[in-house]
Amino acid sequence: MESDGKSDRTKVPTAASSLNEKKADLNDQPGHSTDTEGNGSDNNNTQVGEKHHVSADDGPVDTAPVELAATQHQHPVEAEQNYPSGLKLTIILLALELAVLCVALDNTIVATAIPEITNQFHALTDVGWYGSAYLLTLCAFQLFFGRLYQLFSIKWVFLSCLFIFEIGSLICGVAPNSTALIVGRAVAGLGAAGIFSGALIIIAFSTPLEKRAIFTALISAIFGISSVIGPLLGGVFTDRVTWRWCFYINLPIGGVTAVALVFFLNIPPREAQPDTNETLRQKIMHFDPIGTAIFLPCIVCILLALQWGGTTYAWSDGRVVALLVLFGVLLITFVGLQFWMGEDATVPVRIVRQRSVGSAAVFTGLVGASFFIMVYYLPIWFQAIRGATATQSGINTLPMMISTTVGNIVGGVFVSFTGYYTPMMYALPPMASVGVGLMTTWTVDVSTGKWIGYQILFGLGLGLGMQQGIVTAQASLPVADTAIGTSLQVFAQMFGGSLFVSVAQNLFSNEVIKGLAAVDELGMTPQAVFNAGATELDNLFGSNPSLLAEVKVVYNDAVIWTFRTALITTCLSVLAVIFVKSGSVKGKKIEMVAA
């Protein structure tokens, strides 16, 4: 290259000369343009994979970024990453599974302890809040923690969430009254909001993309299994020790998890963290505090409206109407704010507008709805129709949970070996919808073979594609957005579950009340029968077999309506899959240090 008065910039060591030659070669190719003379062009700053502007004054430089820029334009590129392996990886995975175990257990373990809790605190009217307080904060803060994971140390954000969760569990364990228990549940939910998504984010930074699906499946399988064994464990603690151990159990498990991660988890520092020279106000604005303040009551309003409407209050009641109107106003405000905040939004709009990511979130939400509806209402069917205890009903749902776990693992292995994640997403709707569709044919005297077989078909289909939305997000987004993309998928799953469980609860309670009102010689009000609980039917009507049979038919029909809701959400999930771009994780590398 000849001197033109800028020889001080062009006479550089060999590596820089090689870099300029490579850029010149790229200029000769259609669609490529580079600027080596610093004439105002910004190309050097925008090349995929580069971290800073390259000039001759920088001395020897690595030519790899330019080579990669010529071959990859859609996805960042992964430098060689020293992922943990062997015993270290095993310990990290076990620690994450223990953390997820606590979160999932806490979601359902309280169910069988509620009767004893209400007896001790004399607070039957607070029953709904024992579960709702946990779910409300878990859903509402899910996206907020996604933002924290993007901006700060993943390891310490996760450990902070675990600490908050443990504090909440401790408050619940020592609660002297119902109000303290509800506060503890809300605090535990706040910590739980960052644990499940955080575990998946840590997996993303600890394993190569092509193997990530199988590890994600293992984490998700633990969540599903724990959700079912929760009531079993809660019943054992309540009967044999005290209900307070439903919460104390989280303390030693969380302690082991924290120690393991402190010593074995090491994620490189990321360049996406806030500038230390920023003012306090600038740092705070990175968290979108206004958006969070709007989003929290928005979620609370819709979940409360669905829980109260048609049961506690009529749909026309002013309180329910006000909640729905307020939800709509807050949602519109939140969405508008996300556009206005740009990159400082809780969820930058460009991420949601990425077709595969947005569609995967809808898919994950609908599948989460199907899963949680069945987790909650299958035990009710066994308790009301078959007279099973809480423990027995949990055992009877094992065919679904085991097959879901197997499906999760099979789906993860398939993606790891083939690289393609969309086939498993397409496999879910037909298999799962046939399974749950057959379950809507259940009658009071359905055979054991049918209720086992139909559960297996539904669970296997659900498991195959249940977590592929998370894989889709991680494969479709640059690693700097992995935390938010993962949190978005987890939020969709949790919120979809919470939303449609409330819808199913409305259908169930209304159908029971309506059906019981048509039963002759009931001897008590339909509401009184409903409030007594599904496990009390044999005690209430056991002396009159024909009346008991009639009441069980009413409960069977009501539960079937919840199964139909799961059938609808399962079928609708195929519409979301259509918009997910087919892709492979094979050979798709991600630059981990840039996150």
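Cβ from N, Cα, C; glycine included.
Per Swiss-Prot, region 'Disordered' is recorded for 1-62.
Residues annotated as compositional bias 'Basic and acidic residues' in Swiss-Prot: 1-11.
The compositional bias 'Polar residues' annotation in Swiss-Prot covers 30-48.
Feature annotation from Swiss-Prot assigns N-linked glycosylation site to Asn39 (among others).
Taken from Swiss-Prot, the feature N-linked glycosylation site covers Asn44 (among others), and the record attributes it to sequence analysis.
As annotated by Swiss-Prot, transmembrane segment applies to 91-111 (among others), with the evidence given as sequence analysis. Taking Cβ pairs closer than 8 Å, the transmembrane segment (91-111) reaches residues 84, 117, 130-131, 134-135, 158, 162, 165, 169, 185, 188, 192, 195-196, 199, 202-203, 206, 215, 218-219, 222-231, 233-234, 237, 246-247, 249-250, 253-254, 256-257, 260-261, 264-265, 375, 390 in its own chain, all 6 or more past its ends.
The transmembrane segment feature in Swiss-Prot is assigned to 156-176 (among others); the stated evidence is sequence analysis.
According to DSSP, Asn177 (N-linked glycosylation site) is assigned to coil rather than to any helix or strand. The N-linked glycosylation site annotation in Swiss-Prot covers Asn177 (among others).
Per Swiss-Prot, the feature transmembrane segment maps to 186-206 (among others). Beyond the ends of the transmembrane segment (186-206), by six or more residues, the same chain brings 83-84, 89, 92-93, 96-97, 99-100, 102-103, 106, 133-142, 144-146, 148-149, 154-155, 157-158, 160-169, 171-172, 212, 215-216, 219, 223, 247, 250, 265, 267, 470, 474, 479, 482-483, 486-487, 490-491, 494, 592, 595 to within a C-beta distance below 8 angstroms of the stretch.
According to Swiss-Prot, the transmembrane segment annotation covers 217-237 (among others), on the basis of sequence analysis.
As annotated by Swiss-Prot, transmembrane segment applies to 245-265 (among others).
Feature annotation from Swiss-Prot assigns N-linked glycosylation site to Asn277 (among others); the stated evidence is sequence analysis.
Swiss-Prot lists 290-310 (among others) with the feature transmembrane segment.
The feature transmembrane segment is assigned by Swiss-Prot to 320-340 (among others), with sequence analysis given as support.
The transmembrane segment feature in Swiss-Prot is assigned to 362-382 (among others). If you look at the transmembrane segment (362-382), the same-chain residues 6 or more away from its ends with a CB under 8 A from one of its CBs are 108, 224, 227-228, 231, 388, 390, 392-394, 396-397, 400, 404, 425, 428, 432, 436, 442, 455, 458, 462, 465-466, 469-470, 489, 492-501, 504, 508, 534, 555-556, 559, 562-563, 565-566, 569-570, 572-573, 576-577, 580.
Same-chain residues lying 6+ beyond the ends of the transmembrane segment (409-429) with a Cβ under 8 Å from its Cβ atoms: 210-218, 221, 363, 367, 461-469, 471-472, 475, 570-571, 573-574, 577, 580-587. The feature transmembrane segment is assigned by Swiss-Prot to 409-429 (among others), with sequence analysis given as support.
Here the transmembrane segment (245-265) has Cβ contacts under 8 Å with residues 84, 88, 91-92, 94-96, 98-99, 101-102, 105-106, 109-110, 113, 155, 158-159, 162-163, 165-166, 169-170, 172-173, 184, 188, 202, 206, 233-234, 237-238 of the same chain, all six or more residues outside its ends. For Asn177 (N-linked glycosylation site), the number of other Cβ atoms no farther than 10 Å from its own Cβ, over all displayed protein chains, is 12.
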